[in-house]
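Single-structure report; data block below.
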Amino acid sequence: MTDIRRVLDPMRPADRALWQRLWTDSREQLPFAHPGVTGPLSVQQGRLQALTLTWQDSTVLYPLVLREVGDGRRDVSSPYGYGGPLVHGDAPKEEIGRRFWSFFEDWARDHKVVSEFARLSLFDDTLAHPGRTRHRSINYVRELPAGREALWSGSAPKVRQNARKAERVGLTVRVAEDDLLLGHFERIYAGTMVRLDSKPWYRFDHSFFTALHRSCPDRLVYVAAEQDGRPVSMDLLLLGRETAYYFLGGTDIEAARSRPNDLVKMAVMEWLVGRGYRRYVLGGGVRPGDGLERYKKGFAPDGGTSFRTAERVLDPAGYAALVQARRTEALDTDQDWDEDSDFFPLYRAPMRPRDRERVPEMSGGSS
C-alpha cells in the first residue's frame, strides 16, 4: 500500500483546513501543533509548514518553521512549545517512521536544509527520531485526580498554605472561556514581562492574542484571581484532548504578597478536574533547577518528566561552513562565542560583548 505525502502551507485555505482536520483526529490534540497556535507563535521566525504522511490507518503530522540561514541554505525548528513528528493510528511505528523520515530527508535535501531541531512532546505520541535526542530539563505534569480533596492533598504544603492565604484576604476566582478577560490579561502579562525584563520575543502584543482567539477560540481558557472584582493574577491555558497546558501568565506586583497565583493554579486544576481532563502540564523553569522550576514542582511534586529535544545535522559541509562563518563574525566583532556550548545549531548560539578587565591608567604613561 502506498502512502500519501504532503507539505502543508497554512496560508493556503485548503492546506490549513486539512492540517486542522489531521490535528483534530490526532491522539493528543497537542495545542502547539494546531496551526492557529503555531501561526501566531511563528511570526517573524520563518515560514511555517507541516509535513504529513498517511499510511494505512495512521498519520504523521510534523509542524516546522523553515528559516533562512544565508547563502541559499535553511534550517528547520519545531515551533515554540512541545512538538516533533506526532503520530497516531495502529500502523507499525517502525515502518511508518521509515517512510516518514525518507520523505522528510528528500524534502530537506530539496530545500537545502542544513540542520533540524525539535522540542519533543512530553508523551509517547511522536515517532522515534533518527538524530540525537537530549534531556534538557525537568518539566512538571500533574496527573489530575477525581476530586478536590485529592487534588489539594497531592500538592505541596506551601502551595496549599499560599492558596488559602489568598482566599483569606478576600481573593476570588473567575474563569473565562472566551475573550472577556483579554484586556485584563494583556495588562497583567505586559506588566509582568516588563518587571522581569523578559526578552522581546515574549512581549506578545494585542494582535498576537486576537489571532489566537480568531483561530482556535475553543482551546483558550483564562483563570483569574480577583480583588474586589478586578483581576490581579491570571493564567492562560491551552487545551488538548485530555491534557491542558499552562501557556502564559502574570501577577500585578501590588498583589504578589497575597500569593494570588497559587490560588489561580489550584483553581485551574479544579476546573480541569470538573471537565474530565487527565493531566495538566505546568512546564519547567527558564534554566534547570531555578526558582520557577521549584515553584511549579509544588503543584506536581511527583510529576517530574524529562523534556527532550531532537537534533541532527543534515548537511555536514553546509553546517561546518555556517559554524566557521559564526566563528569569523565573533572574531571580527570582538565578541565572545562559546564553541563548546550545547546550543543547537551551534551557528545560532548567541554572541555576547567581550568582558574586559579595566586596565588602570599609569601615571605619566603615553598611549
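Using N, Cα and C of the backbone, Cβ positions are placed for all residues, glycine too.
As annotated by TrEMBL, domain 'BioF2-like acetyltransferase' applies to 158-297.
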Helix, strand and coil counts within the domain 'BioF2-like acetyltransferase' (158-297) (DSSP): 69 helix, 37 strand, 34 coil
Average model confidence [pLDDT] within the domain 'BioF2-like acetyltransferase' (158-297): 96
